[in-house]
Number of protein chains: 4
Amino acid sequence: MRVLMVGDIVGKTGRRMVVQHVRALREAEGIDFVVANGENAAGGNGLTHDVMDELLSAGIDVITSGNHIFDKKEVFQFIDDVPQLLRPINLPSGTPGHGYVVRSCQGVPVAVVNVSGRAFMPFQYDDPFRAIDHVLESLSGEVTVVLVDFHAETTSEKAAFAWYLDGRVTAVVGTHTHVPTADERILPQGTAFLTDLGMTGPMDSVIGVKTDLVVQRMLTQRPVRFETAVGRGQFGALLIDIDDGTGKALAIKRFLIRE
Amino acid sequence: MRVLMVGDIVGKTGRRMVVQHVRALREAEGIDFVVANGENAAGGNGLTHDVMDELLSAGIDVITSGNHIFDKKEVFQFIDDVPQLLRPINLPSGTPGHGYVVRSCQGVPVAVVNVSGRAFMPFQYDDPFRAIDHVLESLSGEVTVVLVDFHAETTSEKAAFAWYLDGRVTAVVGTHTHVPTADERILPQGTAFLTDLGMTGPMDSVIGVKTDLVVQRMLTQRPVRFETAVGRGQFGALLIDIDDGTGKALAIKRFLIRE
Amino acid sequence: MRVLMVGDIVGKTGRRMVVQHVRALREAEGIDFVVANGENAAGGNGLTHDVMDELLSAGIDVITSGNHIFDKKEVFQFIDDVPQLLRPINLPSGTPGHGYVVRSCQGVPVAVVNVSGRAFMPFQYDDPFRAIDHVLESLSGEVTVVLVDFHAETTSEKAAFAWYLDGRVTAVVGTHTHVPTADERILPQGTAFLTDLGMTGPMDSVIGVKTDLVVQRMLTQRPVRFETAVGRGQFGALLIDIDDGTGKALAIKRFLIRE
Amino acid sequence: MRVLMVGDIVGKTGRRMVVQHVRALREAEGIDFVVANGENAAGGNGLTHDVMDELLSAGIDVITSGNHIFDKKEVFQFIDDVPQLLRPINLPSGTPGHGYVVRSCQGVPVAVVNVSGRAFMPFQYDDPFRAIDHVLESLSGEVTVVLVDFHAETTSEKAAFAWYLDGRVTAVVGTHTHVPTADERILPQGTAFLTDLGMTGPMDSVIGVKTDLVVQRMLTQRPVRFETAVGRGQFGALLIDIDDGTGKALAIKRFLIRE
Ligand SMILES: [Fe+2]
Ligand SMILES: [Fe+2]
Ligand SMILES: [Fe+2]
Ligand SMILES: [Fe+2]
Ligand SMILES: [Fe+2]
Ligand SMILES: [Fe+2]
Ligand SMILES: [Fe+2]
Ligand SMILES: [Fe+2]
């Protein structure tokens, strides 16, 4: 099967890019399954039910997230009931929502797992290595295609996590830094890896936020209220061709669409 | 003129890639001037006089660095005397060495400035924004081509720094994360920007370090002595075509050579 | 002369403790000059004009602060005009307000300097060591009594700063952690040092915040809106007897009043 | 029973203070049980078998630790076999050694639990709240006296942890910052709490390290090799009177002995 994994969707511009490109790419590229990170989809922070509906209607099969998942309080009302909306698996036990899901794609079960890194993150997470081991154990024997969104800050934690999982999952793609990296590769045991998908959002910005506000914050070192930028969009994604039988990545292609 | 900026050279493999590719690229691409970050050139940490000589002989005009610059103590013996070896400008006053240099390239003065970001860095640096303002002031009127290596961790600080300098310098390229980003662009006022050049070093590694050791460190959360990996190399760089008169970037092309 | 330095005043309870104790202590202990940190005086974050007036009327001569100084936007309207309200000296150039002040106490000039540490702080500050050197140079010859509020997180940065200034200032007292330390001493060259004065605020709290909310934040690792606690108060301070001629600390006594 | 809990023992001076004071205090104060943090006992980093023997012979019943526990490699040879030497409970599963121990004191079982905080710590730990819940569950019904060494950086995490455990353990005392705090108290449900015991080590130092070296590190922002200071000692501890039946703290008294 052919899967597309899409980076953090940021605000109105990010959603517009999703609407314009996801269905078109599905058709043009023969994509069977789409995963996208939605943690910044509603005005830059979190997501609402309406925004989630918009994303799912636009051709996204599973929405992953990260540290911003609970920024909009209304998410607590529906996150337990929407299996295709994920939050990291390594949040404290008792956290609402689900950290992974198994969906069927043309009769083949596909697992999507959302994990968070720990280094320099604004919250404290449980050990991502043990957490994914535990999930993989529970999936074992049933699911071969496993797609991992690893939401983390540092390149070292992302690379270590991917190598740790090489041969055990189909893909490890990073999110959170909002900048696409150019290091896509298939690791020796068949796991596709990309340090960061990059955001799907407004190009003329500092990782999605209005440039002037971020510069002002850094120049003054005083509190500045951030606002999400709008305008020309970018769309960051990785296309993965998968051997349905073994779950290995056969080929990958990185996308960076810019307006 | 045509300039090549090269990311953190890591260990023996990184130096081998430099020797194999810098002169060849200079010739093949008609490159006039090469800047490369050498902070990890000697065994992964710092650089020695021999290593510096090797890099300069291989066709590098100016060596930039970052947090690892003083890891090898012998650097104190020569850093003051080698103007083409830089350490960040925003280290405390009294720090040995130079933070920027002006070299002549075909009769045109070219300034190279090495700056460090502050967010999540292992040392405390002075304000990079004021520091570069100060350098640009002192260059003003004399130099139009200004190449900035911004050695920093977060994508937001790197992007903010580039936008802050847009139209005032020729290029802002990031180093330090060791992973090449795919977001190269020329900002509206003519400044070339790339979040990170990516390392020039061993591909099968976690940002240059032996994979097993980094994974072991993360799994055990105990001290593990890191060793620099060797093997298949990668070479991360950005080529910039520059209008010598205005110092604006005319065109850019990202390189990621992989063995 | 006899000086009292008071730790971070937190919210309504902190202000109540100030009103109840500062004038009483001035009289009972023969205190000539009072410095207090007001960064959390207005509802836990920042301070308003009314709150500042309340503190100054209660017998405080100089109000220091820290990372929360600009939390209440109205402070920008008056901070430039009130010399006895300080913000750290090592904020970026151009920051409104003053970082130090010289006041007369019984004909003797007394300098109060507010400095911020850098390790683990929520903003990036300029080098505190060079910043205070610069202030001391400009005071040199005119002022012998110099009181320093060093607003910092780590015990190591606070101790290093105090030892660095030993013999050059009258006192280095820490603020920001909101917990009084028991390590008051006079360093060999005559500088009084205490790692942290501790807050003047609500005892039954986590550093001033309602206990349940902080615990909830740590248990869930989700955003929780913090509220300042009220109730039984504590008052943390250091009394310093000073040789007016030399500016050396002669004797110190730590206060921790608890209701 | 009467218990003494002692802060981080640092180097030769710290061990000397232990030898001079622990047995003397046991006798003078009628102390039945002594817990001390030994993470810095061998030359400032970790501990060896000889150093451990010296501490146990000096009258310490249980040695706790923290982030430095594995600094001396020889500890791996004996940590599994010495139940009275602890490392934090919330290290990854599979970590050598024990995180808690139950010892008999005059026929009464006494549990000592070593936990690490997470904020700003140099390693990533598992959730301390769930980890201690788990330990308390396994002790439940058998042990009422429970002494907790919470090795953490921030005052907020320490206070939150103590309030979380109020009424469920006998004492929560902090270690790691090496500076004694003055906020000892018995929380409403009977748990003794002190933010930090302070180190037992060389007074004329920056948290145990030679002052000049730490100042040099901060002034230059370059690598400086730290050395443990020697000289005049201090001894930081908390004495706790405990109701053996309920495990509640009845009275507490903080000690700071200085030479
Ligand atoms: Fe994001
Ligand atoms: Fe994120
Ligand atoms: Fe590097
Ligand atoms: Fe670096
Ligand atoms: Fe405060
Ligand atoms: Fe503060
Ligand atoms: Fe320690
Ligand atoms: Fe420690």
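Cβ atoms here come from the backbone N, Cα and C positions, even for glycine.
All TrEMBL annotations are machine predictions without curation.
Pulled from TrEMBL:
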BINDING   B:Asp8, B:Glu39, B:Asn40, B:His178  Fe cation 1 binding site
BINDING   B:Glu39, B:Asn67, B:His151, B:His176  Fe cation 2 binding site
ACT_SITE  B:His68  active site, proton donor
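Annotated features, which come from TrEMBL, shown on the structure.
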residue: B:Asp8; record: Fe cation 1 binding site; Cβ contacts under 8 Å, 6 or more apart: B:Gly14, B:Asn37, B:Gly38, B:Glu39, B:Asn40, B:Gly66, B:Thr175, B:His176, B:His178, B:Leu197, B:Met199, B:Thr200, B:Gly201, B:Gly208
residue: B:Asn67; record: Fe cation 2 binding site; Cβ contacts under 8 Å, 6 or more apart: B:Glu39, B:Ser116, B:Met121, B:Pro122, B:Phe123, B:His151, B:His176
residue: B:His68; record: active site, proton donor; Cβ contacts under 8 Å, 6 or more apart: B:Glu39, B:Asn40, B:Asn45, B:Gly46
A correct count of other C-beta atoms within 10 Å of the C-beta of B:His151 (Fe cation 2 binding site) gives 29
With an 8 Å cut-off on Cβ distance to the B:Asp8, B:Glu39, B:Asn40, B:His178 Cβ center, who else from the chain surrounds the Fe cation 1 site? B:Gly7, B:Ile9, B:Val10, B:Gly14, B:Asn37, B:Ala41, B:Gly66, B:His68, B:Thr175, B:His176, B:Met199, B:Gly201, B:Gly208
Can you list which of these binding-site residues (B:Asn40, B:Asn67, B:His176, B:His178) have a Cβ closer than 6 Å to ligand 4? B:Asn67, B:His176
When you average the Cβ positions of B:Glu39, B:Asn67, B:His151, B:His176 for the Fe cation 2 site, which other residues in that chain have a Cβ within 8 Å of that mean position? B:Asp8, B:Asn37, B:Ser65, B:Gly66, B:His68, B:Ile69, B:Pro88, B:Ser116, B:Met121, B:Ala152, B:Thr175
May I ask you to pick out the binding-site residues among B:Asn67, B:His151, B:His178 with a CB closer than 8 angstroms to chain A's CB atoms, ordered by sequence, or 'none' if no residue qualifies? B:His178
If you draw a 10 Å sphere on the Cβ of B:His178 (Fe cation 1 binding site), how many other Cβ atoms land inside? 28
So among the binding-site residues B:Glu39, B:Asn40, B:His176, who's got the most Cβ atoms within 10 Å? B:Asn40
Reduced DSSP assignment, B:His176 (Fe cation 2 binding site): coil
